[in-house]
Amino acid sequence: MATVEPETTPTPNPPTTEEEKTESNQEVANPEHYIKHPLQNRWALWFFKNDKSKTWQANLRLISKFDTVEDFWALYNHIQLSSNLMPGCDYSLFKDGIEPMWEDEKNKRGGRWLITLNKQQRRSDLDRFWLETLLCLIGESFDDYSDDVCGAVVNVRAKGDKIAIWTTECENREAVTHIGRVYKERLGLPPKIVIGYQSHADTATKSGSTTKNRFVV
């Protein structure tokens with residue numbers, strides 16, 4: 001005679017405690033996976049392509065704006081390296097609200113620390129120097145004088161490339177020289193290499209191919 005096994009009632013799972021719920025949520029959504037790291041300023045990246053048939057301003061194009069570390073790297077990794085640009089092209093990174101031109105209200109009384117590279121340095125140094133320049137800007141690397149920084153420009157030219165950090169007030173000796181010293185150190189330039197700071201006004205009115213330096217480090 002067949003025997004019938006008695007039905008067994010499944011044991012219910014014990015209720016989840018609040019602590020276990022919290023642990024479970026942390027596993028699913030670790031804040032590090034989705035929280036972006038904000039920068040102190042919002043920045044705008046511009047691109048200039050020298051088309052002789054257009055005006056200077058028509059050749060200048062805003063690529064993108066960003067205000068987090070993650071968005072900076074996403075943009076940087078998406079665009080062409082400076083060393084791959086055609087001669088006559090520029091990248092400019094400026095604080096949002098400042099246009100990369102001398103005439104801008106924040107730039108017109110300012111100037112630039114200028115790094116001049118020879119043609120051989122396009123392959124060896126240009127991209128490294130430009131990235132370090134960008135990191136100096138977005139990382140506010142100039143201590144109390146980071147507010148004096150407006151932006152930076154890389155000019156890709158057949159005769160030799162240039163990188164410059166622009167500041168807002170050329171008469172502010174303390175800020176300008178501090179920025180220059182920190183910048184030179186961050187680029188790893190040896191002491192024997194001298195870099196110069198030129199006011200935009202002097203550059204605009206220069207007679208000849210060179211502009212006098214207001215400061216050197």
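The backbone N, Cα and C atoms fix where each Cβ goes, and this holds for glycine too.
Checking the candidates S124, S209 against Swiss-Prot, the annotation phosphoserine falls on S209.
Within the listed segments 73-77, 148-152, 153-157, Swiss-Prot records region 'EIF4EBP1/2/3 binding' for the stretch 73-77.
Among the candidates T16, T22, the residue that Swiss-Prot annotates as phosphothreonine is T22.
Put simply, D161 is the one of the binding-site residues W56, W102, D161 whose Cα lies nearest to the Cα of S209 (phosphoserine).
Cβ neighbour density within 10 Å is lowest for K159 among the binding-site residues R157, K159. Here the recorded positions are T205, S209, and the one ringed by the most other CB atoms within 10 angstroms is T205.
Reduced to three states, the DSSP call for D161 (mRNA binding site) is coil.
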